[in-house]
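Some notes on the structure that comes next.
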């Protein structure tokens with residue numbers, strides 16, 4: 001179990017460093033900013049690369065919502081859920097701390113949103129709480145459906161990380177304007193701790209919505225995809 005938790009810690013750490021790091025450090029860098037498209041691909045690439053790297057050790061969740069959805073679908077033992085979530089949140093916090101140290105090394109650095117998730121006046125596009133809630137539930141739901149389907153034993157081996165990485169990229173392309181895209185409570189927690197204030201007060205949504213969407217996906221998969229469940 002220790003090796004699995006280390007893998008989840010490292011994977012989540014890389015996701016936040018690569019994804020949130022691109023948003024904080026490179027999204028609007030003078031003249032060569034990567035923009036929304038670049039940030040979206042950065043998040044997808046972090047999952048793709050780490051899924052190939054440590055997926056064989058822990059399953060490559062890097063996300064409390066993914067762990068919950070897989071547990072509800074019967075893919076992983078529920079007993080490991082709490083340990084996985086702790087490792088994931090710890091990885092996200094450490095990565096956010098490293099990113100903060102790097103970002104504050106710039107003379108004119110301003111914290112701003114620090115890639116934190118938000119709704120209302122803290123939504124990149126000014127979207128309401130309801131819009132943010134629906135977006136996070138729906139996007140996490142489909143993210144889990146894609147994960148559950150692409151990791152099935154009847155699907156050609158070795159391609160799941162590609163499908164999952166591209167799915168996360170697409171999710172970010174759609175939802176960055178709405179919430180700055182969470183679908184991952186650990187990723188949201190790490191950034192919110194350093195922003196404080198409004199980010200912490202709105203953090204509840206970025207736990208409840210992804211976990212709810214993931215749980216529904218697990219239930220749906222057990223019903224719709226029951227015949228395709230892999231052999232343990």
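Yeah, the Cβs are placed from backbone N, Cα and C, and that goes for glycine too.
Some features that Swiss-Prot has for this protein:
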TRANSMEM  9-29  transmembrane segment
SITE      20  site 'Involved in tetramerization or stability of the tetramer'
TRANSMEM  32-52  transmembrane segment
SITE      43  site 'Selectivity filter'
TRANSMEM  82-102  transmembrane segment
TRANSMEM  129-149  transmembrane segment
TRANSMEM  158-178  transmembrane segment
SITE      172  site 'Selectivity filter'
SITE      181  site 'Selectivity filter'
SITE      187  site 'Selectivity filter'
TRANSMEM  200-220  transmembrane segment
Look at the recorded sites 172, 187 and tell me which residue has the greatest number of other C-beta atoms within 10 angstroms of its C-beta.
187
Rank aside, I only need the closest one: which of the recorded sites 172, 181, 187 has its C-alpha nearest to that of residue 20 (site 'Involved in tetramerization or stability of the tetramer')?
187
Any chance the transmembrane segment (200-220) and the transmembrane segment (129-149) are in contact, meaning at least three CB pairs closer than 8 A with a sequence separation of 6+?
yes
Around the C-beta of residue 43 (site 'Selectivity filter'), how many further C-beta atoms are within 10 angstroms, looking at every protein chain?
27
Sort out the residues at least 6 away from either end of the transmembrane segment (158-178), same chain, that have Cβ-Cβ distances under 8 Å to it, and list them.
36-37, 39-41, 43-45, 47-48, 51-52, 55, 60, 119, 123-125, 127, 131-132, 135-136, 139, 142-143, 146-147, 150-151
What are the sequence-distant neighbours of residue 181 (site 'Selectivity filter'), meaning same chain, six or more residues apart, C-beta distance under 8 angstroms?
43, 117, 139, 171, 172, 175
How many neighbouring Cβ atoms, not counting its own, are there within 10 Å of the Cβ of residue 20 (site 'Involved in tetramerization or stability of the tetramer')?
26
